[in-house]
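**Q** After the structure tokens below, expect a handful of questions from me.
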Amino acid sequence: MKKAILMMTFGSPEEITFEGVADFFTNIRRGVRPQDHEIQTLYDNYVRIGGTPLQKITRQEVALVEARLGNEYSVYFANKFSSPFIPDVIGQMEADGIEQCICLILEPHYSFYSVMGYEKFLESKQIQFLVIKDWYQEEALLNYWVDEIAKILKEEVKQDSCKVIFSAHSVPIFALDFGDPYIDQIFENSKLVAEKLGLSSEQYTNTWQSESDIGIPWIKPDVLEYLREQTEHPDHYIFVPISFISEHIEVLFDNDVECYDLCQEFGVNYHRPPMPNTDSRLIDALVNTVRVNENQEFKEFLPEEETFDELVPSDETKNILAESEDLQMPEFVKKLIEKKGRENVKMPYLIKKMFEKAGKLPKE
């Protein structure tokens, strides 16, 4: 039986031009082209950081995993929002005769909002899939962050006052209503690293970053808002974007430009450990993740639904409008509506608020 590993990531523009960024942004918005001023802002951000190394780094990560596991698995690489696209790579895998595939998403934490965006593409009459849900607890990855933060504390902070700011990509606040495990995983991940470093609860905090402006509330505090709200600052901040493993725009701009600029304004020293990128400790974590999971059941993939079935709707949410295609809703919500029918999907309060904002609630 021919087996494969499919390593997947978010993607990035294929070329740093206005139209190249526009194409990528349109893919993120599910085929709806953003307004020109939105595209211009994102394009300017890419120019500010000199482009993005994400695709180069990811291909190097894939090659390093293949060097370790290539005798047992064919290793493939795909993006969610840029070439090579996941459906195209699955087509190539089918042509290569692959029958079983371990899906390794290059995001250590599991989120309905983001990870299910990968899962929806896993369709094949030939291939059975095994999706690794999360791998943030891998000891090698934890040790990477501990070692790199400790190095900054020892060599640069020394005896000065300091606070470690763990940040993670934010998610819409209605993820709380769905019981999304992502938020708790981020807190647990930060605590595990902090405990290994011997940090007290006053020496570190959790923030969120990189939220999208799609007209709905996101998990707070945003890292920039957190910095602005502090009445006193330490001598040093160490920013740890713990939900990412590779350098890309949400680290190189959101942290290294925006957070850095605020630190300059407040007279605080800015630090960020290098991202794992191609470090051997990250590769160890990825390889071990495959080893730990490879004997689990492979199956035709279907998105999980049981999380939603446990929700009890209030009277207010029972008559929400059936049509949702034009709303910026997570794909897993749309897919659930399509599969089970609008009348059978139990939506929590904040989903209702999304419909209200869009003026889509039916009249009483």
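Positions of Cβ are set from backbone N, Cα and C atoms, glycine also.
So Swiss-Prot says this about it:
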type	residues	note
BINDING	Arg29, Tyr118	Fe-coproporphyrin III binding site
BINDING	His169, Glu250	Fe(2+) binding site
**Q** Rounded to the nearest Å, what's the C-alpha distance separating His169 (Fe(2+) binding site) and Tyr118 (Fe-coproporphyrin III binding site)? Just drop the number here, would you?
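**A** The Cα atom of His169 (Fe(2+) binding site) is 16 Å away from the Cα atom of Tyr118 (Fe-coproporphyrin III binding site).
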**Q** Residues with Cβ closer than 8 Å to the Cβ of Glu250 (Fe(2+) binding site), same chain and 6+ apart in sequence?
**A** His169, Gln209, Ser210, Pro241, Phe244
**Q** Around Tyr118 (Fe-coproporphyrin III binding site), how many other C-beta atoms are within 10 angstroms of its C-beta?
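**A** I get 22 for this one.
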**Q** Taking every protein chain in this structure into account, which of the binding-site residues Arg29, His169 has the most other Cβ atoms within 10 Å of its Cβ?
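**A** That would be His169, with the highest Cβ count within 10 Å.
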**Q** Does DSSP put His169 (Fe(2+) binding site) in a helix, in a strand, or in coil?
**A** strand
